[in-house]
Amino acid sequence: MGYFDEIKEKVKVISVRRSFSRFPAPISADRHFYRAADHMAVDSAYLMQFVDETSFYNRIVLSHLLPSNLWDPLPHFFQTWLRNYLAGTLLYFISGFLWCFYIYYLKHNVYLPKDAIPTRKAMLLQMYVAMKAMPWYTLLPTVSESMIENGWTKCYSRIGEISWFLYFVSIAVYLVFVEFGIYWMHRELHDIKPLYKYLHATHHIYNKQNTLSPFAGLAFHPIDGILQAAPHVMALFIVPIHFTTHLGLLFMEAIWTANIHDCIHGNIWPVMGAGYHTIHHTTYKHNYGHYTIWMDWMFGSLRDPLFEEDGDKDSSKKKAEIEYVTWARTSRETTFYFSMAEDNGYLTQFVDETTFYNRIFLSHLLPANLWEPLPHFLQTWLRNYLAGNLLYFISGFLWCFYIYYLKHNVYFPKDSIPTRKAMILQIYVAMKAMPWYTLLPAVSEYMIERGWTKCYSTLDQFNWFLCLLYIALYLVLVEFAIYWVHKELHDIKFLYNHLHATHHIYNKQNTLSPFAGLALHPLDGILQAAPLVVALFIVPIHLVTHLSILFLEGIWTASIHDCIHGNIWPIMGAGYHTIHHTTYKHNYGHFTIWMDCMFGTLRVPEDNCFKEKAK
């Protein structure tokens, strides 16, 4: 191939980034639109590079470990899983044995006293638990490679496609996202009692220096291990990352888990070394971070190993016994409950409050014999369902009456007002999904009543400053999460085609109306509303404040679909959202424009982007 041919090939590969894809909306087969794809991997020729690369890795690993007749006939996905399983097992045992040989045999008088070395029985138990979970652990990287091969992520195959500077910047952003995700995932596995009891407690039976070893690094319940590794995969949908670099980071992850369970404090700031992690295993409420101490420092859960030398070592003795967890073969386990709502008397306040709301609302709409016999959860769901329907219709009809009838000459020319048929279709789609939408707030109230969240019921638990600060933090977290959920519903073709396209058939000014706000596929609506519930596990928030925000959310969705640009900075008004419905690649935010401004997807409405107002 000549020099100019090589240049043409490079240009062809890079131009894939600017290609266009066609996505059919599932409601109407003849409705299509073109969307600028910001994925690097949308062309089949480009995606084949990933397939070829994983096939090469499969062939290299499997051909050296198994006869070809055992793995050659397998489908590509299973070959990839088998390679990950064998490589993960080898990495676990080789790194574990080498580490143990070095610190327990060659350096046994240097790092640990003899009575602090874990017994052979303890290490065998750790291997047993890890090997039971290994087939499930290795399913996650296999699925991630499959998604990369299908072009659903932001992975790219050659560093030459971007500059070396951007390559290192993307790695830094990727690691920050992963560190943040693992920190909160790990912390919630402690804070949410059922998750701790049935998942994470399996790992925390190793809570003393003479029970921790490098083999404890993967001794998890499989779902626990997958949850804590999930941020590595979620980051692929957000941060552009080199494919081989991603695999290399997963490889280093396995070695790192062995390292932080050896009880030897390296004292290298800001690395989350084994000294910090040993404190986590003995106190249960400090040092949730994975690679660095920054997240613990930011969120107030850091404890320095150097303070342990001052004799403050009694916190590990204060643990409560819990039921036997069958995944790890042991008769006793310990737990640490870290929630504002631990006391049954305190939790009763939440139950009484939701019961009061149920009684007030349902007694005005239904005969008592229809709702009183129902269990408390179904009463809560029924209240949310009826309230959601009333809110949807009242806000929608009042909004339409105002802008299409009272102010029809002010805001819209006559031909821009949506037809009655379009609005009836939107109402039909919303009503089909409403039973599922309202399941989410009902589940959130159930979790609050069980004490699984950080909700509180009285303002005297915090001063007003902290209450307002937590509301602001809650809204920032919700805005950030909704932005990325919404963006990924566009970027991941499968999710767009089967979920979000249902909403985007309303892509012109004369098809958008306040009723379009909830005209979504039910799973799409739940995914976009989920951050409002997930934030309850992270930020302390008052119960009434949470319910009020859910109430305002219903009104807000009507407001941003009326095509009227309010021009109130930094509010994500209908003018911004109308641009989103017509361009498909801008203005993913929900309440404000800040996230779009930060991540480069903002497009400001112009005076000429809408039809001229009727005079």
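From the backbone N, Cα and C atoms, a Cβ is placed for every residue, glycine too.
TrEMBL labels come from automatic prediction, so no person has curated them.
Annotated transmembrane segment per TrEMBL: 85-105, 164-185, 385-405, 425-443, 464-485, 529-552, in sequence order. The annotation domain 'Fatty acid hydroxylase' is assigned in TrEMBL to 172-301, 472-601.
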Discussion item. Quick test of the contact rule: Cβ under 8 Å, at least six residues beyond the ends. What residues does that give for the transmembrane segment (85-105)?
Written reply: 61-62, 65-66, 111-112, 117, 123, 127, 130-131, 134-135, 137-138, 213-215, 217-218, 251, 254-255, 258-259, 262, 264
Worksheet item: Using DSSP, what's the helix, strand and coil tally for the domain 'Fatty acid hydroxylase' (472-601)?
Response: 83 helix, 4 strand, 43 coil
Worksheet item: Can you count helix, strand and coil residues in the domain 'Fatty acid hydroxylase' (172-301) using DSSP?
Response: 83 helix, 4 strand, 43 coil
